[in-house]
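To start, the structure itself, in structure tokens.
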């Protein structure tokens with residue numbers, strides 16, 4: 001018999017229905033559930049797949065470099081970053097008529113092209129790339145690295161090169177390797193690149209492989225380093241009149257603590273960033289020498305955790321038993337990693353616009369909007385995944401005996417208190433915030449806008465003032481001219497900080513008012529509700545009052561039959577499924593807020609946001625409707641323009657999003673009827689009927705249909721907003 005998909009499951013591969021295909025796809029990456037799997041094989045497969053993942057990332061980055069070098073305008077852009085539009089790649093499309101060809105021929109290109117809104121041009125420019133040859137070199141190098149990683153992936157699946165299970169569970173060695181080797185040494189290498197290549201390039205020099213070892217990045221070379229006079233490296237920084245990419249106004253410092261932004265590029269000082277990476281390198285290289293491996297010195301993670309016991313009171317056994325629980329559970333480790341990565345990704349979104357590291361990024365409004373939105377959505381999905389794997393940990397890997405009375409067990413024991421507090425916070429935020437918005441709407445509708453309830457965010461304004469923002473008149477800490485901190489700051493540390501905080505040219509500390517107060521609490525509602533659903537799903541994964549035996553049913557199940565009430569829609573998977581809708585909803589509010597506040601600032605029209613954001617009609621009319629006008633009229637009987645593709649994507653995104661409801665509301669999405677109709681027509685068509693459909697179409701399971709519905713809802717939602725964001729921003733600012 002010919003082996004059929006999925007090879008990893010004997011039972012599924014013999015299923016005569018379309019369930020075989022659906023369940024095969026659903027469990028393809030659930031290595032734990034595959035036939036003949038062992039713990040060792042599981043670890044080896046995951047290890048090899050990491051190399052494959054890295055190879056894909058390097059291939060993708062290589063493709064970016066290659067296509068810009070081949071079809072972009074990097075060298076032209078470098079001459080005038082503020083006025084030349086960066087080209088991502090050419091468009092070859094047989095459907096383009098003459099109007100489309102003309103509309104998409106821009107940025108000095110000979111034919112239709114896509115404009116880059118990813119910020120890669122600014123990134124490459126900042127780190128010292130200047131011409132197409134540099135881009136090609138980078139592309140070829142990354143291609144070689146990708147090939148190397150693919151080879152490593154294959155190699156580590158060969159019998160002689162398979163790592164043992166004990167190697168994978170050697171937590172201290174892995175910590176040392178990741179801290180010192182990956183974070184520490186790579187930060188040191190990046191410091192080296194910034195000092196030897198990027199900073200000289202920014203000052204009009206040109207350093208490449210042929211003169212890298214002969215060009216000293218500082219006039220005094222390594223002398224100050226060996227003599228202990230490190231402060232020499234911070235003397236004579238670039239002046240405020242420095243022209244980026246030239247020696248006009250350039251200094252000689254390589255490690256500084258200036259603070260604020262380069263006045264021309266509106267990005268962080270390169271010498272500050274080199275200093276930052278050097279500090280990170282030192283800290284992490286030291287951190288990577290702290291854990292005990294072959295040499296019998298340093299800390300043992302197990303001893304550290306076992307020592308974490310409350311000194312008295314009825315506080316249980318602290319972190320006892322956690323070492324083995326974490327070290328033997330891939331889901332626990334993945335949950336921790338995803339939670340950390342999710343937070344970091346969201347922080348990247350926040351910092352890329354408030355403290356831009358790349359030259360001229362702050363003046364490329366569409367790119368800023370795209371990068372913020374992109375990183376916030378990615379963060380949302382990653383964070384939801386953290387809770388999903390946390391729930392799977394409780395179902396598959398949690399051992400109550402091993403964790404008796406430690407922090408994990410105690411968290412499960414008082415889960416009702418955790419869940420009810422989250423519920424209370426969500427209800428409070430929801431009713432009060434909506435109440436304020438609706439009250440304000442009614443006042444405007446009845447012609448008495450002065451009766452709105454407008455609350456100044458005084459605590460947040462006070463915090464901004466403490467950090468040096470003077471416009472609120474609080475006169476506290478750094479915003480007080482008499483405080484020792486603000487006096488020291490002007491000379492000793494970060495002298496550029498106070499200027500940056502009080503400048504209107506950046507997004508560092510935006511002025512906030514009643515509209516910000518309201519939307520802040522709307523976002524807080526979304527965050528708390530999403531967290532409530534996810535936390536409840538994980539904490540109730542093993543069992544709840546309604547269903548104490550839930551852990552026998554696994555991660556996802558629709559119901560326990562018709563005879564047992566209260567068992568529907570309460571699996572841990574269902575919590576994840578519901579939470580993703582709330583996550584998307586919350587990030588919708590976050591990105592709406594960010595985008596509307598910024599376009600009004602960029603247009604010099606901050607009053608529009610301040611006046612219209614205090615009631616819901618303001619958001620619907622003055623943000624969504626007003627900014628979608630170009631999309632709604634993107635192509636019409638009189639022709640099209642360079643926004644037409646976004647107008648089409650806006651429409652298409654709505655279509656995909658709406659398709660989700662076919663699966664979400666009627667549950668099964670008519671899969672059985674659809675496929676049977678297609679198969680019937682296929683088998684009655686000459687030539688086509690030579691190939692016959694063998695799998696009997698059966699209705700999607702409830703869980704499958706929810707997944708398909710959720711996937712369409714998410715993809716459509718993001719497509720729609722991406723088109724709206726890019727078109728409305730690029731339509732205004734070019």
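Indices start at 1 and increase along the chain as displayed.
Placement of Cβ uses the backbone N, Cα and C atoms for every residue, glycine included.
Ranges compared are 575-596, 597-618, 619-640, and Swiss-Prot records transmembrane segment for 575-596.
When the ranges 551-573, 643-665 are checked against Swiss-Prot, the one recorded as transmembrane segment is 643-665. Through the fold, the transmembrane segment (46-69) approaches residues 31, 87-89, 116, 118, 120-121, 124, 132, 135-136, 138-140, 142-143, 145-147, 149-150, 152-154, 156-157, 163, 168, 330 of its own chain, all at least 6 residues removed from its boundaries and within a Cβ separation under 8 Å. Sequence-distant contacts of the transmembrane segment (517-535), counting only residues of its own chain at least 6 positions beyond either end whose CB sits under 8 Å from a CB of the stretch, comprise 384, 387, 418-419, 422-423, 425-426, 429-430, 432-433, 436-437, 455-457, 460, 575-576, 578-579, 582-583, 585-586, 589-590, 593, 613-614.
The recorded stretches the transmembrane segment (369-395) and the transmembrane segment (417-439) do not share 3+ CB pairs below 8 A when only pairs 6 or more apart in sequence are counted, and are therefore not in contact. The separation of residue 662 (chlorophyll a B3 binding site) from residue 654 (chlorophyll a B1 binding site), Cα to Cα, is 13 Å. Residue pair residue 670 (chlorophyll a B3 binding site) / residue 559 ([4Fe-4S] cluster binding site) shows a Cα separation of 21 Å.
Take the transmembrane segment (175-199) and the stretches 135-158, 273-291, 330-353, 575-596: counting Cβ pairs under 8 Å, 273-291 has the most. The DSSP secondary structure for residue 670 (chlorophyll a B3 binding site) is coil. Cα of residue 671 (phylloquinone binding site) to Cα of residue 559 ([4Fe-4S] cluster binding site): a span of 21 Å.
Here the transmembrane segment (273-291) has long-range neighbours at 171-173, 175-181, 183-185, 187-188, 190-191, 194-195, 199, 234, 254-257, 298-301, 357, meaning same-chain residues at least 6 beyond its ends whose C-beta is under 8 angstroms from one of its own.
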